[in-house]
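Q: As annotated in TrEMBL:
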| type | residues | note |
| --- | --- | --- |
| COMPBIAS | 9-21 | compositional bias 'Basic residues' |
| REGION | 9-47 | region 'Disordered' |
| BINDING | Ser55, Arg56, Asn57, Ala58, Lys59, Lys60, Ser121, Phe203, Gly204, Tyr205, Asp206, Lys226, His231, Arg232 | substrate binding site |
| BINDING | Asp120 | Mg(2+) binding site |
| ACT_SITE | Asp120 | active site, proton acceptor |
Amino acid sequence: MHSHFRIRVNCRNRSSRRRRSSVSEAATPLVSPFGGPAHQKDSRGAQRPAILVASRNAKKLNELRRVLTESGIEGLTVVGLDEVQAFDETPETGATFEANALVKAVDGAAATGLACVADDSGLEVDALNGMPGVLSARWSGVHGNDSANTQLLLAQLGDVPDDRRGAKFVSACAFAIPGSEPIVVRGEWPGTIAHEPRGDGGFGYDPIFVPESETRSAAELSPSEKDAASHRGRALRSLVAALSDYAAGR
């Protein structure tokens with residue numbers, strides 16, 4: 001399931017709250033002072049439109065690169081937050097995935113001059129009334145501690161029977177270009193929560209999430225299998241038309 005809508009926010013009107021960068025100038029994208037598409041040079045010295053993914057998670061960056069390749073989109077250089085000059089990032093305090101993704105994309109575009117894709121995603125468990133939701137990454141109290149988050153969730157579910165262990169992964173992806181109207185899309189991946197972790201792939205709650213019509217956990221799927229079905233893959237594919245237009249300079 002996926003959907004998309006546009007929200008009117010002008011990136012030029014948001015302040016670019018920069019702080020001193022610890023990133024070398026060699027790693028900094030070449031940003032147009034006029035707010036147009038920024039570019040980076042590839043290994044052959046050719047100028048390529050650059051797109052920022054508002055994340056330091058290498059797996060998220062690689063996921064977008066795979067979606068671009070599989071969709072036939074060429075000519076985009078994908079960079080992460082560690083590859084641009086550092087700026088003050090707005091805390092993820094929104095009540096929805098869409099709100100968090102939108103503010104990250106708009107801030108990233110305004111601060112760097114680059115087109116920016118941002119994602120906010122999490123797990124909604126039926127027996128926990130949709131929690132952990134937007135708190136998924138810090139469910140145990142420590143942001144990004146996948147093992148602690150997973151173990152706490154399993155403990156909270158305890159002996160809840162299989163027919164009440166329904167859940168879904170949700171991803172909201174926002175795409176913002178300086179001076180343009182941002183787009184927000186949503187993808188969902190239904191399934192159930194296993195009784196113990198299985199598999200070594202993926203990240204987050206993947207080892208305890210069994211997708212609908214599957215017997216394997218998300219962590220037991222190959223990257224291509226996960227991309228084809230996952231919440232983030234579905235959301236990113238909803239952005240393909242906008243990304244293709246950007247790559248083509250339209």
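Glycine too: its Cβ is placed from the backbone N, Cα and C atoms.
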Q: Where does Asp206 (substrate binding site) sit by DSSP, helix, strand or coil?
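A: The residue in question, Asp206 (substrate binding site), is helix (DSSP, three-state).
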Q: Using Cβ-Cβ distances, find the residues under 8 Å from the residue listed as 'Mg(2+) binding site' that belong to the same chain and are at least 6 apart in sequence, listing them in sequence order.
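A: Same-chain residues close to the residue listed as 'Mg(2+) binding site' (Cβ under 8 Å, separated by 6 or more) are Glu92, Gly94, Phe97, Glu98, Asn100, Ala101, Lys104, Val134, Ser171, Ala172.
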Q: Other than its own, how many Cβ atoms are within 10 Å of the Cβ belonging to Asn57 (substrate binding site)?
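A: For Asn57 (substrate binding site), the count of other Cβ atoms within 10 Å is 15.
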Q: If you run the three-state DSSP split on Lys59 (substrate binding site), which class comes out?
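A: Going by the DSSP assignment, Lys59 (substrate binding site) falls within a helical segment, counted as helix.
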Q: Please give the maximum pairwise Cα distance, in Å and rounded to a whole number, for the substrate-binding set Ser55, Arg56, Asn57, Ala58, Lys59, Lys60, Ser121, Phe203, Gly204, Tyr205, Asp206, Lys226, His231, Arg232.
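A: So the maximum pairwise Cα distance among the substrate binders is 20 Å.
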Q: Count, for each of the binding-site residues Ser55, Ser121, the other C-beta atoms lying within 10 angstroms of its own C-beta, and report the residue with the smallest count.
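A: Checked Ser55, Ser121; of these binding-site residues, fewest Cβ neighbours within 10 Å: Ser55.
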